């Protein structure tokens, strides 16, 4: 703790150009990501599918996938520039101190004296700022949903549903954000220099709370979960869970088609009580064994401890973020550089600290994606060992076609942005190479010992 305090005093240098430094970080990150996107755009101009997909993906589907990828890339260039301009405008015109001052006036005029402390002021500031950023995001959100996704047949939403989702999102922000932010501020105010320990414990409790209430109160506001009907798929998944001793409590189908034609499947829950959710679009477009193959991959993450490891890494990262925040929370030169000369709000300190941490976040993102891709390969291998090599490969190809996912990628772009390996890499790791490999995959599966549970699957 003494080391952190000494570091904090060292970094608090009057006149230090924090604003220029943070603007420089933001610009450098934007240019770096634009450079990566430009490299990826060249790959999206290729005319033939990768060799691993020849015979699996038609030229028409490949062309449409490439066109979809280019459309998303072009939109990404514009959206990122729009975001960069917003960020620069907020900093250049000192909108944060002006908004803080304005919300302070509202606080004085419209709230009783006993509520005129930093916590209530912060809540008014935060929700006002959130509404402003939400309004500013409407053009890009609308274009993405009703122009880009609509053009390629993925959007199933309506303007009414889209608006209702935004309203529900804002309502949830108030209902859950207010007590969480209040707790965050109260801990910092009352626990002194060791606040980061208590903030971390608070975040652990909040995480467990969120896991518990999300499927009960939040998810039903946006989607409908229905129990999976009796049949071969339910039997197959239950047998798979039993075989792996996965603590399956319930199986649900989610109406993902309500908003999008994209497909997915996932599990969630506490360690002793898990739930599996399958998108209706995945069930509609896949064979039973292919869906079970996908879930064999997903449960591989659980069986191999990937979810536990990622949770541990996430908690360590959260602790490290809060510990570093304790270095900057009293940095007057940082506040003053952004126009805060008389008041030094905790929330502003956290926002500015987050901006200053951007270069480190870039490195963390790269390392986490590298680890995630490693885990994906391991989960694929796990599914293969269970005898689902052919079904998983077939399902991955179908999902790729249905979602018009990127068929190939620039290595540098993929290393930084992708949490999953691209399809040719996964098929190669599965040992699947077109017609020849179809026969080999069948032979590998046939040579595995057949258990009763395998026959049922």
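Glycine residues also receive a Cβ, built from the backbone N, Cα and C atoms like all the rest.
Fair warning: this is a prediction, and the values are worked out from it, not measured in the lab.
Feature annotation (TrEMBL): of 95-113, 114-132, 152-170, 171-189, the stretch labelled transmembrane segment is 171-189. Region 'Disordered' is the annotation TrEMBL gives to one range among 398-417, 438-457, and that range is 438-457. Of all ranges given (55-82, 195-222, 223-250), TrEMBL attaches the label transmembrane segment to 195-222. Take the mean position of the Cβ atoms of 297, 301, 376, the recorded Zn(2+) site; other residues of that chain with a Cβ within 8 Å of it are 298, 300, 306, 375, 378, 379, 380, 382, 383. Counting every protein chain shown, 20 other Cβ atoms lie within 10 Å of the Cβ of residue 301 (Zn(2+) binding site). A C-beta separation below 8 Å, combined with a sequence spacing of at least six in one chain, links residue 376 (Zn(2+) binding site) to 419, 420, 421, 426. Across the fold, the C-alpha of residue 380 (active site, proton donor) and the C-alpha of residue 298 (active site) stand 9 Å from each other.
Here the domain 'CAAX prenyl protease 1 N-terminal' (40-224) returns a mean pLDDT of 93 for the predicted model.
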